[in-house]
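Engineer: Please see the structure below; I have some questions.
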Amino acid sequence: MVEKSIVQEAKDIHLAMELITLGARLQMLESETQLSRGRLIKLYKELRGSPPPKGMLPFSTDWFMTWEQNIHSSMFYNAYSFLLKSGQCTGVEAVIKAYRLYLEQCPDQSGIPPLLALTRAWTLVRFVDSGMLQLSGCNCCGGTFITHAHQPRNSFVCSLCQPPSRAVKKRKLSPQSADITSQLLDEQVRRAV
């Protein structure tokens with residue numbers, strides 16, 4: 001029988017608490033700690049007041065390729081990559097620190113959760129590590145962005161340099177959407193009358 005280390009268990013509980021606080025799903029907790037599923041569910045209920053959400057983890061790389069998600073994913077992954085290269089941290093600790101940096105840059109806006117959830121950020125790291133995704137440089141701005149693996153060199157233009165038409169529409173409506181929406185409705189009423 002293998003004896004469990006009390007110190008390791010305490011570290012795992014602390015890590016699980018931090019991950020749960022940041023919004024990690026149960027599958028991520030099971031993968032990153034040595035705690036049993038039952039203990040993780042108990043801990044999750046204690047911290048969140050409800051059982052962990054059920055369902056599969058995101059498994060498609062396509063989510064990271066759409067324009068807005070790509071910008072957020074790239075911002076997170078560049079922070080993660082910097083932390084690894086600088087030797088400040090590794091593994092799940094680097095994911096947590098990079099995610100906290102991402103949250104600082106994309107603060108919670110009136111109850112709307114951040115576009116990139118912690119579990120999705122963790123999945124992104126796994127996709128890059130497995131060679132399904134990579135960082136590629138933009139031909140226009142020189143920034144590095146998440147792309148499908150084996151993206152041909154010098155062929156990528158990011159969605160900041162070349163935004164899709166729907167991005168421009170969203171930007172026009174976003175500054176004061178309540179005010180703009182009422183103005184648009186007023187214009188439509190004037191045209192109809």
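Residue numbering: from 1, along the chain as shown.
Cβ coordinates come from backbone N, Cα and C, glycine included.
Sharing the record's features from Swiss-Prot:
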- C138, C141, C158, C161: Zn(2+) binding site (BINDING)
Engineer: Cβ-Cβ under 8 Å from C141 (Zn(2+) binding site), same chain, 6 or more residues apart: which ones?
Structural biologist: C158, L160, C161
Engineer: Quiz question: given the binding-site residues C138, C158, which has the greatest number of C-beta atoms lying within 10 angstroms of its own C-beta?
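Structural biologist: Max Cβ neighbours within 10 Å, all protein chains included: C158.
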Engineer: Residues near the Zn(2+) site, C138, C141, C158, C161 excluded, by Cβ within 8 Å of the Cβ center?
Structural biologist: N139, C140, G142, G143, F145, F156, V157, S159, L160, Q162
Engineer: What is the number of other Cβ atoms found within 10 Å of the Cβ of C161 (Zn(2+) binding site)?
Structural biologist: 14
